[in-house]
Amino acid sequence: MLERRHWRNLDYYFVGSVAAILAVSLAVLSSAGANMAPDPYYYVKKQLIWILIGLVGLFLVLLIDYEQLKRYHHALYVFNLILLAAVFLIGHQAKGAQRWINLGFFLLQPSEFAKTITIITLACFLDKRQGRLNRWQDLILPFVYVALPMLLILKQPDLGTSLVLLAILFGMLYVGGANPRLLLIIAGSGIAIAGLALFAHFRFGLPLPLEDYQLRRLVVVLNPYNDGQGGTGAGYHVIQSQIAIGSGGWWGVGWRQGSQAQLNFLPEHHTDFIFSVVGEELGFVRAVGVLGLYFILLYRMLRIAAHAKDMFGALLVSGVASTFAFHILVNVGMTTGIMPVTGIPLPLFSYGGSSMLANMLALGLVLNVNLRRQKILF
């Protein structure tokens, strides 16, 4: 149980950065979603509800000592696979993807929660294997743990979340004591194989487990206008995002004054491309300020991991930190046009119930480790 004395360990900078990000996100969402529904605050109200539900979930996570998760990690992992498989049987399809389960009052996206469950599974395994991760054979089982949910998610199709699981794996393996040189060799080999596979696909027609639109998005990252449709095809999202960010200048055009968002030229500007709205309406300086808040959040996560009372706690926090870092890097890179569009939302910022709830539960794990970083002796 959580005792009063545990609150002495609370990281106020961590909590403050989360609160600040949520506050700014609601302000930006109130602009981004203003012209998307009859009620200009429709999306803000729904997001606020999910934030409140997420806070309840976060507090419930705090009540359970994180070490108790070791007893249930196998059951959680199996439950995770069942949920991901259920998407193909009873899933709700939208925008060419089948990623959700319709619960009536809520569209549940299991892949969002798969990230946190995978973190718990890997943390339990790596905690037991400390000092025994120096050979490639030692890494087979962790890769299998990640490969099963990853393949199910990739089939939905959801390339972005699949890549997040890989980021989690490598981040946690590094913290867990795996040979860094071995990790670099594996990562480098994987990138090389992926590059050769793409070349073979376009040169010789080699079939790949990716949808056509995903392949086109990978190709147009070098030149979004070279999408075969004059910039109105696979490159359209990136072009409109770059226009939005570029028009914002240093200080932005003003709240609810951005033409790209307000006139709906920019697709998904309340979800995946909400950072483009930040750039357009708030400007470069304030966009850097938002990234500064994320930097503080990630720094505090790493500090909490470093001061965890055991390796299991450090691994849990490092997994969450890897998730957030990868999301931020790819989302900002995607909106600025230096990375392919993969549909990865900006954590705590993009609109979405499953994403917000999953992120708040993950942050609950971090706070759980933070509050229990010292053994209570009296």
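The count begins at 1 with the first shown residue.
Cβ atoms here come from the backbone N, Cα and C positions, even for glycine.
Remember, TrEMBL labels are computer predictions, not curated facts.
What TrEMBL annotates here:
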TRANSMEM  12-35  transmembrane segment
TRANSMEM  47-64  transmembrane segment
TRANSMEM  76-94  transmembrane segment
TRANSMEM  100-124  transmembrane segment
TRANSMEM  136-153  transmembrane segment
TRANSMEM  159-175  transmembrane segment
TRANSMEM  182-202  transmembrane segment
TRANSMEM  273-299  transmembrane segment
TRANSMEM  311-329  transmembrane segment
TRANSMEM  349-371  transmembrane segment
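At the 8 Å Cβ cutoff, the transmembrane segment (47-64) and the transmembrane segment (12-35) share at least 3 close pairs (sequence separation 6 or more) and count as touching.
Note: the stretches the transmembrane segment (273-299) and the transmembrane segment (12-35) are in contact (3+ CB pairs below 8 A, sequence gap of 6 or more). The largest share of C-beta pairs under 8 angstroms with the transmembrane segment (12-35) comes from 349-371, of the ranges 76-94, 136-153, 159-175, 182-202, 349-371. Cβ atoms under 8 Å from those of the transmembrane segment (159-175) belong to residues 111-112, 114-115, 118-119, 122-123, 126, 133, 139, 142-143, 146, 149-150, 153, 183, 187, 210, 214, 305, 314-315, 318-319, 321-323, 325-327, 330, 342-344 of the same chain, restricted to positions at least 6 beyond its ends. Annotation: stretch 136-153 has the most Cβ pairs under 8 Å to the transmembrane segment (182-202), among 76-94, 136-153, 311-329.
Counting Cβ pairs under 8 Å to the transmembrane segment (76-94), the top-ranked stretch among 136-153, 311-329, 349-371 is 136-153.
Panel annotation: around the transmembrane segment (311-329), residues 66-67, 69-70, 115-116, 118-120, 122-124, 126-127, 130, 163-164, 167-168, 170-172, 174-176, 291, 294, 297-298, 301-302, 304-305, 339, 344-347, 359, 362-363, 365-366, 368-369, 372-373 of the same chain, lying at least six beyond its termini, place a Cβ under 8 Å from a Cβ of the stretch.
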